[in-house]
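Database features, via TrEMBL:
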ACT_SITE  His33  active site, proton donor
BINDING   26-33, 148-151, 185-188  ATP binding site
BINDING   Gln57, Gln154  (R)-pantoate binding site
BINDING   Gln57  beta-alanine binding site
Amino acid sequence: MHIVHTIPELRAALASSRQPAFVPTMGNLHEGHISLVRQAKPLGDAMVVSIFVNRLQFLPHEDFDSYPRTWEADCAKLQAAGCDVLFAPREADLYPEPQTFKVQPDPQLADILEGQFRPGFFTGVCTVVMKLFSAVFAGKPQGVAVFGQKDYQQWLVLRRMVQQFALPIEIVPGQTQRAADALALSSRNGYLSEAERAEAVQLSLALRALAHAALAAADTLPQQWQALEAQAMQALQARGWQPDYLTVRRRSDLLPPQTGDGSGALVVLGAARLGSTRLIDNFEI
Ligand code: PAF
């Protein structure tokens, strides 16, 4: 595995590639990330992973400084998974000067749900991903990037970004990986105490229950969805969680369900805080 830090080094390492396959990450890699690498590997002629904790997508009170950085373990996992090139820019390599040009995603898609509770998050994500795409794919006829569906809204926002800017990059979704008790794997699970870790699966159980209720009420969902969501949030609150949202949306645009939207067209999404850890999860239904 070739480890590079600067954009010129990365471009030199990829000089003979015509179709890179790319998995961007913030490091602290777990089986969720590694499954994306395995999925991406056969889709290109060079497998590239980036590790960069992107300051632009964190709010001032969020965990940028404490975000787990596990360089040695990450390198070993990537080597074992068959990564060809690891791009690990330092902050000055990616942002040599303040990043004053930004990618502003469509507010209809990006200012709701995660964007409502983390204002500016998707601008930070789109800006860094555009820059990473330019570093990896500039001059290539085509490319593939794999994003985990655990970050469902992020995946949709980035898919739209690529469409609207006509980038020759295919955005491929990667399935959420789960622990034995069904908790979605996430770097932030490492913040949970033992008791919180045992409780954490309740977010996905509450989403499952909401999905079940939504499908059972499919015919009247546009009238009922807010009441079903309120019930789901109250159930988690009663267990000591602080939910930001638990909601039923259309898969295509994350807007509330309309008459006729049923199984196959919907997704349930949730974000909730357990102690000081904020977890997210979703299921397509
Ligand atoms: O999902 C992530 O880990 C990050 O948001 C990403 C896409 C690597 C951008 O920093």
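Cβ coordinates come from backbone N, Cα and C, glycine included.
Distribution of TrEMBL features across the structure.
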{"residue": "Met26", "record": "ATP binding site", "contacts (Cβ under 8 Å, 6+ apart)": "Ile51, Phe52, Val53, Asn54, Tyr67, Ser187"}
{"residue": "Asn28", "record": "ATP binding site", "contacts (Cβ under 8 Å, 6+ apart)": "Tyr67, Pro68, Arg69, Thr70, Asp74, Ser187, Gly190"}
{"residue": "His30", "record": "ATP binding site", "contacts (Cβ under 8 Å, 6+ apart)": "Gln177, Leu185, Ser186, Ser187"}
{"residue": "Gly32", "record": "ATP binding site", "contacts (Cβ under 8 Å, 6+ apart)": "Gly148, Lys150, Gly174, Thr176, Gln177, Ala184, Leu185, Ser186"}
{"residue": "His33", "record": "active site, proton donor", "contacts (Cβ under 8 Å, 6+ apart)": "Val23, Thr25, Val49, Lys77, Gly148"}
{"residue": "Gln57", "record": "(R)-pantoate binding site", "contacts (Cβ under 8 Å, 6+ apart)": "Gly120, Phe121, Phe122, Gly124, Val125, Val128"}
{"residue": "Gln154", "record": "(R)-pantoate binding site", "contacts (Cβ under 8 Å, 6+ apart)": "Glu114, Phe122, Val125, Phe147"}
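Met26 are the recorded positions among Met26, Asn28, His30, His33, Gly148 whose C-beta comes within less than 6 Å of an atom of ligand 1, given in sequence order.
In the structure as shown, the Cβ atom of Lys150 (ATP binding site) sits within 10 Å of 19 other Cβ atoms. When secondary structure is read from DSSP and collapsed to three states, Asn28 (ATP binding site) falls in the coil class.
Over all protein chains present, the Cβ of Leu185 (ATP binding site) has 17 other Cβ atoms lying within 10 Å. Most Cβ neighbours within 10 Å, among the binding-site residues Gly148, Ser187: Gly148 holds that distinction in the structure as shown. In the three-state DSSP assignment, the secondary structure recorded for Gly148 (ATP binding site) is strand.
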